[in-house]
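Per TrEMBL, the features are as follows:
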- 1-10: compositional bias 'Basic and acidic residues' (COMPBIAS)
- 46-447: domain 'Amino acid transporter transmembrane' (DOMAIN)
- 1-36: region 'Disordered' (REGION)
- 75-99: transmembrane segment (TRANSMEM)
- 142-163: transmembrane segment (TRANSMEM)
- 193-211: transmembrane segment (TRANSMEM)
- 218-235: transmembrane segment (TRANSMEM)
- 250-270: transmembrane segment (TRANSMEM)
- 282-302: transmembrane segment (TRANSMEM)
- 322-341: transmembrane segment (TRANSMEM)
- 362-384: transmembrane segment (TRANSMEM)
- 390-411: transmembrane segment (TRANSMEM)
- 423-445: transmembrane segment (TRANSMEM)
């Protein structure tokens with residue numbers, strides 16, 4: 001899951017091309033193309049190789065990472081990491097498909113930059129179907145809708161995460177005891193987070209902070225080291241852990257895993273921002289390899305350490321002492337500001353068209369009312385779905401699966417079908433899209449069923465069933 005989604009409007013266009021408007025770029029249907037044939041050029045003030053890699057990592061490592069140990073439990077100690085590995089490969093492949101299709105349309109239409117929605121729209125315009133060409137603009141609208149759902153879903157997750165972790169902010173032990181984790185803590189009403197987060201969203205809107213405040217949970221590497229250290233303190237015998245969990249819980253694994261891997265929205269803006277964008281393919285593969293290894297490692301180690309007692313966020317299983325409570329507070333601090341950064345995207349999609357329909361006199365009032373309403377919606381949804389594990393799985397299944405798995409393969413078929421696409425590529429794309437669609441349907445269903453299951457235990461994380 002991306003901790004901050006980068007929008008194409010946030011960046012100047014640095015790309016250029018010297019080819020004719022028609023046809024694919026060199027190596028268009030065979031991958032990214034070789035660096036010597038790469039026709040996108042950056043400026044001297046663009047981001048470096050290292051900076052782009054860091055931004056890519058920050059765009060993919062977020063709260064989804066903290067829920068992966070429970071995801072491994074829902075899949076099994078063997079099936080879980082294998083599934084994460086496969087999902088990582090599929091996710092980076094879909095990212096490369098999106099970049100390849102965007103390059104194709106940049107060359108074809110002499111565009112400096114094509115964003116996700118634009119690529120889908122142009123892809124529909126390239127299909128043999130007259131009906132799809134006529135309604136191609138709906139491609140951009142559908143992508144925009146899922147971006148809104150995803151970002152507001154992230155905001156709901158942040159509401160639950162903040163409330164759950166702040167419940168453990170009291171009752172500290174003087175010394176760290178890695179064996180004893182937290183127990184029941186005082187209740188913190190989730191609604192108390194509404195006003196601070198609303199104020200933060202107003203501040204981010206006013207000062208247009210889209211970077212520095214949102215880097216907290218996106219760069220949790222020192223905090224991850226402390227968490228891994230806690231994992232190694234007293235790992236029990238793993239022989240009792242199932243190699244593969246019941247298939248009924250596997251859709252919950254899918255939702256959480258795709259929530260964590262859904263960073264496809266950052267790839268096009270990051271590449272467009274680079275000083276030397278021809279290096280982006282290597283950065284993408286290196287960065288996503290690091291992300292996948294980190295996900296598998298923390299997911300497996302967390303499940304090995306806490307077993308059946310693993311909770312919706314691994315921070316909620318950490319020892320009840322000042323050191324690990326500080327880790328929770330630091331994560332919460334970063335999440336607090338990242339809420340406003342995530343909220344910025346749907347707000348900028350929804351609010352400007354509405355303001356354009358009212359007089360200038362009422363523009364500011366309408367803006368404030370809409371922002372207040374949107375923050376209130378995320379708060380209400382978080383209260384209605386107070387289980388962190390379920391809200392993560394639900395958001396991942398509903399929206400992340402569409403953006404990360406379903407749309408990119410279909411986009412490749414729509415983009416290159418008229419130019420002659422190998423049947424094997426078509427079969428591959430159809431299989432990936434079907435996998436994403438099945439995960440979307442079954443994952444959403446199982447998350448809703450789990451949410452409707454009567455709860456009998458209320459602990460420090462959130463209400464859950466035992």
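In case you wondered, yes, glycine gets a Cβ from its N, Cα and C as well.
Keep in mind that TrEMBL annotations are predicted by a computer and have not been checked by a curator.
For the transmembrane segment (322-341), the most Cβ-contacting stretch among 142-163, 250-270, 282-302, 390-411, 423-445 is 142-163 (pairs under 8 Å). Each of 142-163, 250-270, 282-302, 423-445 was scored by its Cβ pairs under 8 Å to the transmembrane segment (390-411), and the highest score goes to 250-270. Among the recorded stretches 75-99, 250-270, 423-445, the one sharing the largest number of Cβ pairs closer than 8 Å with the transmembrane segment (282-302) is 75-99. The stretch in closest packing with the transmembrane segment (423-445), judged by the count of Cβ pairs under 8 Å and taken from 75-99, 142-163, 250-270, 362-384, is 250-270.
Beyond the ends of the transmembrane segment (250-270), by six or more residues, the same chain brings 1-2, 4-8, 10-11, 47, 52, 55-56, 59-60, 62, 64-65, 67-68, 70-72, 74-75, 79-80, 83-84, 87-88, 91, 94-95, 98-99, 102, 113-116, 119, 147, 150, 280, 284, 291, 295, 389-390, 392-397, 400-401, 403-405, 408, 436, 439, 442-447, 450 to within a C-beta distance below 8 angstroms of the stretch.
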